[in-house]
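Sequence annotations record features per position, and here TrEMBL assigns compositional bias 'Gly residues' to 1-13. For 115-160, the entry in TrEMBL reads domain 'RING-type'. Annotation comment: TrEMBL describes 161-219 as domain 'TRAF-type'. Annotation source TrEMBL lists region 'Disordered' at 1-20. Look at TrEMBL and you will find 161-219 tagged as zinc finger.
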C-alpha cells in the first residue's frame, strides 16, 4: 500500500469521503458570502426559495448556483449598484413568497369549510348530507322549508341526495374549526378568533360605535366608545329647557309614526289573503319606500 493510499484511507473510500467536504465547502463559501456585505441577508432566503423550486430529495445544484450568484452580487462591494439592488429585490421577493405561502392556508380553509349553498363561513351550527357536503343552519332550514312548500323532497344542492333532519347530522369538528379561524374586527381591524369576535365587538372594542345616553331626549351623537365619556360630559341636551325637549320629542314621535305606517302597509300588502297580487303589491311597496326615502 502506498503512502497516498494510507493517507486517503484506501482508494475506493476516498472518493465519497471527499465528496462531503466538497458540499461542506459550498456551505462554507455561502457563509463567507453572507458576511461579506450589507445585502448579505439575501443569501439564506434566496437559497431556500431556489432549493424548494428544485424539488424534494434532489440535488439543489441549480438553486445553490443561483444563491451564490445572488450572494456574490449583494455582498460584492465592487458589483454594479443595479446588480446589487436587483439581488436584494430578489431576496425580498423570496421572503414575501415564503410569508404568503403560510397565509394561503387560511384562505384554503375558508374555501373548504364554507357552506356549499351561500359560500360563506357558518356562524352557528353546521350540517352535512350523507356524502359530507356542508350547509350552514340557515341554508339547511331554508332548503327544507322550500321543499315543503313545493311538496317535494329536499335534496343536497351538490350531490342531489335526499336531506332531512333525520338524514343529516351536525359536524362538530367543522364548527370548532370555524370558530378558531381568525376574523377581523370591523371597528379596530384587529384579528380575533371567530368565537371571541362577537363579544369583543359588543363589549370590549374601544372603537365600537355607540350612542349617547341622552339619545332618548334627542341627542343624535354616535361615535367610537372611547369618545363617549368626553361627549356625555359636554352634551348640551340635559341642560335644555322643558319646551325645547317637548319640541324634540314631538319630532321624534312624528318620524316614528311615519315608520309604523310604512311597516303596516308592507305587512298588509304581503298578507296571505293578498298573496295573489304580489307583483302589484311589491311595486306599490317599492314606490312608497322610494318616496319616503327621498
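Glycine too: its Cβ is placed from the backbone N, Cα and C atoms.
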Provide the three-state DSSP residue tally for the zinc finger (161-219): helix first, then strand, then coil.
23 helix, 12 strand, 24 coil
Rounded mean pLDDT for the residues that make up the domain 'RING-type' (115-160):
92
Report the DSSP secondary-structure composition of the domain 'RING-type' (115-160) as helix, strand and coil residue counts.
13 helix, 7 strand, 26 coil
